[in-house]
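Trainee: Let me give you the structure first, and then I'll get to my questions.
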Amino acid sequence: MDQTLSGFGTVFVFLVLGIVFVAGGYLTARMLRPSRPNPEKNSTYECGEPAVGSAWVKFNIRFYVVALIFIIFDVEVVFLYPWATVFKPLGPFALVEVLIFAGILALGLIYAWVKGDLDWVRPTPNIPKMPEMPNRRIGKANG
Amino acid sequence: MSSSPSLNTWSDALSGFSIGWFPLGLVIVAVIPLVFIALYALTYGVYGERKISAFMQDRLGPMEVGFWGILQTLADILKLLQKEDIVPTAADKFLFVIGPGILFVGSFLAFAVLPFGPAFIGADLNVGLFYAVGIVAIEVVGILAAGWGSNNKWALYGAVRSVAQIVSYEIPASIALLCAAMMAGTLSMQQITVMQAGPNGFMHWFLFNNPIAWLPFLIYFISSLAETNRAPFDIPEAESELVAGYFTEYSGMKFAVIFLAEYGSMFMVSAIISIAFLGGWTSPLPNIGGLELNTMTSGPAWGAFWIIMKGFFFIFVQMWLRWTLPRLRVDQLMYLCWKVLTPFALISFVLTAVWEIYR
């Protein structure tokens, strides 16, 4: 099998053509379409109401956790792909090595699973309740 | 069987052709997939989906423009070209404009390694499958740029959901494709297909050739639905809760580009699943004794026919599922990905490795 990187020149032609196609589409539409902006039309859509604040807000921390787990497994897969093309000649020894490698990462998945990082809705933490205030009990007794 | 001498004859002949410094042949090689995306999205993608959806719901669908509404998409394109292109004042203009572009270019670049039959492929990279998996992921950047740049709450939530979903389902999808790469022993799209060619038609396909292959096949099919944001994984653009997801603020040509990108990646994942498990451009018909059905239905033109038909079949299944299954919730989505598909993908990876070494 050819071991060099070849054919990426063609991929570059695809890249240029894709950009040209999108830019050409924008340009054609720009020549054909009307442009009559007004403040109402250019306001942010929020179901007809005036938009409240900016949309650039903090969002759920769960998304970052998903991204972190993703990176771990993505790196694993990147290492496995080259191995997949040559593992048949390498035989059982390479298989055992890769199984150890994949096993360590599977252990990571189990760890995240047990820690509850894979649950989208975390169970509500059990916060101990404040003891009832004595003066309220007095108030109740008084009627 | 492997390293057949007549591979890529058409595209290689075209690539060698240039006028002075200008590689006209290479440009034509790249234009052919582009024209294919446009034609398929216009006919089968939009019109076909509307008609199929309508028939599944006992409606007629578009009927006004042309015979049985056949010119409806053309009318839509003309309308989209003339539509005013609204850029919200609050939006990040740069991200808002390049978002659809990144989406489309990412989707189109994957077509560079898609073999349209034994004689035509854009670039027969020796890392083809790996490249396809990687380049499709660039769409995540486009979606995030579009959603964040819109400065719209629906768009941002749609984009963030979409990114989390695509990124998560990338793991089972790429491990499932890894199984196909292990069966083939190569990452070149043409070589993977050639491995599945033979006189017995469908019996040489990895899906029927290997007792474990159905598991990665199913995992990749489910993940590909999530990666293209198709139902039942369409929570990023859930109409009833997020209006339209990350393309809420888009109109006119930018909207059209986003749609073209979505239909492009729909065909791309359908073609990848056909190549990895269902023999790509090889004919499903076997040679039965003297009746050489396989030999009759093989060749460059037949190859293009088979790969496109297999792609269209999976797109039909996607449309069918859209009207069959209800949408998942975000927590169910994450449950399915990390606690069902990923462990099973790892299991299928181990089983495939053991089978391939000891069979």
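Glycine is treated like the rest: Cβ placed from N, Cα and C.
TrEMBL annotations: computationally assigned, not manually curated.
Taken from TrEMBL, the feature transmembrane segment applies to B:20-47, B:94-116, B:128-148, B:169-190, B:202-222, B:255-281, B:301-321, B:333-355.
How about a rundown of where these features are and what they're close to?
Mentor: Long-range contacts of the transmembrane segment (B:20-47) within the same chain: residues 11, 13-14, 62, 69-70, 72-74, 76-77, 108, 111-112, 114, 116, 120, 122, 259-260, 263-264, 266-267, 308, 312, 315, each at least 6 residues beyond the stretch ends and with a Cβ under 8 Å from a Cβ of the stretch.
Through the fold, the transmembrane segment (B:128-148) approaches residues 92, 95-96, 98-107, 109-110, 112-114, 155-156, 158-160, 162-163, 166-167, 170, 173-174, 177, 180-181, 187-190, 192, 227, 236, 245-247, 250, 258, 261, 265, 268-269, 272, 276 of its own chain, all at least 6 residues removed from its boundaries and within a Cβ separation under 8 Å.
Residues 7-8, 113-115, 118, 121, 124-130, 132-133, 137, 206, 209-210, 212-213, 216-217, 219-220, 222-224, 226-227, 233, 272, 275-277, 280, 337, 341-342, 344-346, 348-349, 352-353, 356 of the same chain sit 6 or more residues outside the transmembrane segment (B:169-190) yet have a Cβ under 8 Å from a Cβ within it.
Sequence-remote contacts of a segment are chain residues at least 6 beyond its ends whose Cβ falls under 8 Å from one of its Cβ atoms, and for the transmembrane segment (B:301-321) they are 40, 44-45, 48-49, 52-53, 56, 114-120, 221, 225, 228, 230-232, 266-267, 269-271, 273-275, 278, 280-284.
Beyond its flanks by at least six residues, the transmembrane segment (B:333-355) meets 164-165, 168-169, 171-172, 175-176, 178-179, 182-183, 210-213, 215-216, 219, 222-223, 226, 233, 235 of its own chain at Cβ-Cβ distances under 8 Å.
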Trainee: Give residue numbers and ranges for long-range contacts of the transmembrane segment (B:94-116): same chain, 6 or more residues beyond its ends, CB-CB under 8 A.
Mentor: 30, 32-34, 36-37, 87-88, 122-125, 128-129, 131-132, 135-139, 141-143, 145-150, 189-190, 193, 249-250, 254-255, 257-258, 260-262, 264-265, 268, 271, 275, 280-281, 303-304, 307-308
